[in-house]
Protein chains: 2
Amino acid sequence: MKNLLVAQSGGPTAAINATLAGVFQGAVCSDRVDNIYGAVNGIQGVMEERFVDLRKLLGNTQDQELLSQTPAAALGSCRLKLKDPAKDPSDFEKIISIFRKHEIHYFIYIGGNDSMDTVDKLSAYVSAQGIDDIRVMGAPKTIDNDLMGTDHCPGFGSAAKYIATTFSELERDCHVYNVKAVTIVEVMGRNAGWLTAASSLARLNGGEGPALIYLCEVPFDPEKFLQDVQEQLKIWDSVLVAVSEGVHDAQGRYLSEQTQSGATDNFGHSYIAGAAGVLEQLVRDRIGCKVRSIELNLMQRSAAHIASATDIRESQMLGRKACQCALDGKSGRMAAIRRISDEPYRIELTDVPVSESANAEKTVPAEWITPDGHDVTPEMTAYLKPLIQGESPVTYKNGIPCHIRLY
Amino acid sequence: MKNLLVAQSGGPTAAINATLAGVFQGAVCSDRVDNIYGAVNGIQGVMEERFVDLRKLLGNTQDQELLSQTPAAALGSCRLKLKDPAKDPSDFEKIISIFRKHEIHYFIYIGGNDSMDTVDKLSAYVSAQGIDDIRVMGAPKTIDNDLMGTDHCPGFGSAAKYIATTFSELERDCHVYNVKAVTIVEVMGRNAGWLTAASSLARLNGGEGPALIYLCEVPFDPEKFLQDVQEQLKIWDSVLVAVSEGVHDAQGRYLSEQTQSGATDNFGHSYIAGAAGVLEQLVRDRIGCKVRSIELNLMQRSAAHIASATDIRESQMLGRKACQCALDGKSGRMAAIRRISDEPYRIELTDVPVSESANAEKTVPAEWITPDGHDVTPEMTAYLKPLIQGESPVTYKNGIPCHIRLY
């Protein structure tokens, strides 16, 4: 009996379940796999032996399609970081004993930087113990697009498509009144501005999109921001601004730390305002025009109803690739995408040592940001554009999209 | 020469342009109309003679389809309220002189309560002056669904579909971690809770949807809210809450006024927090679990990419109806929907005296709210469900929806 176990970890995305479907499809086609288990709540669920039988839950292709259009981690997630095996191998001993008990020979972990750390540590431990019949593979996902070793990350394209679409719709909305107004939209990304850069794609069909784009890679200066906005207000009635949640000054202090230290509520607690909220207040105080802040919040990672067909397809392929690597005897590696060309868009699947991705972050290169610091270059557009192409088919029932539940 | 003038007013919606397309289609088919003009920025644009030639801009059916899928008011909007003609008829004299100059015999105004006030005053003035060759008709729109005289309002169904879909996606997202967490989602609606009630539709396919729904029609008690949340946290890890932006206590004080009077920033200005932000802070202070607030903000009224096909179709029909009424010599009336049955869903188009809708607000009836004050009844679901049915076709180019610009 050779069983496969798959689990998901980190922040949810609109495409992480497509990768799960891909892993399942890879396993179910192979005669080298008997049972296909899913662990609920990631590595934590592995350690607690909370398994579901995916052959039963995903018995027909319709269920697999439904899984691919369901947002967020259908197997649940966790934020558990395993101990350093050199200092305390107990977590790893426990995991291996559970693998042995359930005859698990293939383990696929779908996740971001932290999850790849788990894959790295676990595969290294397995190898160091001289175990040669357990294979541990990683499959990437993160809307942040900050994983090293892969051209881009599953989940990012769908979030980018939501952001581009939403900015194009917001631009229309903000255009209707002929009074001076500023609309500041906060996009996810603490350390990498890829998602905020995707707001520029709202211009692809001739729309103006955001007038100003601030990525967290550029030190943020509130005075420069006010100048930029004033300049734009001379030209346009409505000024739409995209800003990364993680914008900070040259000293690394986040916006809310710079301007809000004195603000407390009736209970004496500090307010935790987002970047857009801080900038809204700044524009109100210093410019005095109509101003509104918007956070795209969880919608940008969960809006599966407008997933990118390219992203969903690639996410499934990476799941199958990670599974195939494990079946072929590979371990300690991550399935990845290598881009061959932007236009026509061509990629190939590959696999890279997971240690390349574990705990590292790929940020936006400086040369893809305009010298004025508030926009992106054509190279960035060429990179981003293929990732949002195509509309993934969605099954609706009763007027809302259908989702599947695995636990 | 008999020309028709159409304009849009009030807050944008995802369907107000479908009504504009309907008005145009009604006019372009008739040999009683010569030129078809659009006024830019509502009645303000009428008074400033800022007209566009819609026969040129919407020359082919593709452009009309593109218009129907473009969010926000393609002719722009305004918030201008005309003076009382009994006290100062100057606005009205000016409008009539402009109508005469451009040979406008039909004027269609698409908007909400305030816009219907304009239709009411202008048509009454025309009538009082003994003018019998100028017809003034209203076409309804508002995501708030608070117009009297019509079963429901164009724009509401699309916003409701966005809200139901988004809550179903957020529910999946919030479900992934097995830690106690509260997510509070603020929905538009100062005085009417229809949109917040639409969050309940996230349950239509078996999903849990929001655990608690607070409409602004029920006096809001923060202590009761905390009790409700505590009760839900005993049952579930993740508690999703829908709350109207306009929830207030029995004295009519909004939430932020109740709890935030002392909060100021570094400049000494008061914070203007939304209802969800106030409740987030309350849960953090008093319950102490993980908590997040989300505002659906402008996305709920501009997300044309997930418009309700029913809403778009009805919005077009109401535009044609308003146009036809004017051509048939009616004036001072609003095109409206009368519901015949919920299931099968059957409506008929009608027209009602615009005075019924002007400045009035239709709120959620008390009997459609559950006695515990934090949910809606099956009667509400039966009313809402037909309005979100069907997915309106959207043309994409370069991965984002195509929009049209009229000025």
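Cβ atoms are placed via backbone N, Cα and C, with glycine included.
Among the features that TrEMBL reports, domain 'Phosphofructokinase' is placed at A:4-325.
The diphosphate binding site feature in TrEMBL is assigned to A:Gly11. The C-beta environment of A:Gly11 (diphosphate binding site), restricted to residues of the same chain at least 6 apart in sequence and closer than 8 Å, consists of A:Ser77, A:Gly112, A:Thr142, A:Ile143, A:Arg301. DSSP assigns A:Gly11 (diphosphate binding site) to coil in the three-state reduction, outside any helix or strand.
A:Asp114 (site 'Important for catalytic activity and substrate specificity') falls within a helical segment according to DSSP. The feature site 'Important for catalytic activity and substrate specificity' is assigned by TrEMBL to A:Asp114.
Taken from TrEMBL, the feature site 'Important for catalytic activity' applies to A:Lys141. In the three-state DSSP classification, A:Lys141 (site 'Important for catalytic activity') falls within coil.
The substrate binding site feature in TrEMBL is assigned to A:Thr142, A:Ile143, A:Asp144, A:Met188, A:Gly189, A:Arg190, A:Glu245. There are 15 other Cβ atoms within 10 Å of the Cβ belonging to A:Arg190 (substrate binding site). DSSP assigns A:Arg190 (substrate binding site) to coil, not to a helix or a strand.
Sequence-distant neighbours of A:Asp144 (substrate binding site) (same chain, 6+ residues apart, CB-CB distance under 8 A): A:Gly112, A:Cys153, A:Phe156, A:Met188, A:Gly189, A:Ala192, A:Trp194, A:Leu195. Per TrEMBL, the feature active site, proton acceptor maps to A:Asp144.
Residues near A:Glu245 (substrate binding site) in space but far in sequence (CB under 8 A, at least 6 apart, same chain), listed by position: A:Glu186, A:Val187, A:Met188, A:Gly189, A:Arg190, A:Cys216, A:Gly274, A:Ala275.
In the predicted model, residues of the domain 'Phosphofructokinase' (A:4-325) average a pLDDT of 94. Geometry remark: A:Asp114 (site 'Important for catalytic activity and substrate specificity') versus A:Lys141 (site 'Important for catalytic activity'), CA distance 11 Å.
Largest CA to CA distance in the substrate binding set (A:Thr142, A:Ile143, A:Asp144, A:Met188, A:Gly189, A:Arg190, A:Glu245): 16 Å, whole number.
For A:Lys141 (site 'Important for catalytic activity'), the same-chain residues lying six or more positions away in sequence with a CB closer than 8 A to its CB are A:Gln8, A:Gly10, A:Thr13, A:Ala15, A:Ile16, A:Thr19, A:Ile110, A:Gly111, A:Gly112, A:Cys153, A:Pro154, A:Gly155, A:Ser315. Every protein chain shown contributes to the tally, and the Cβ of A:Met188 (substrate binding site) ends up with 22 other Cβ atoms within 10 Å.
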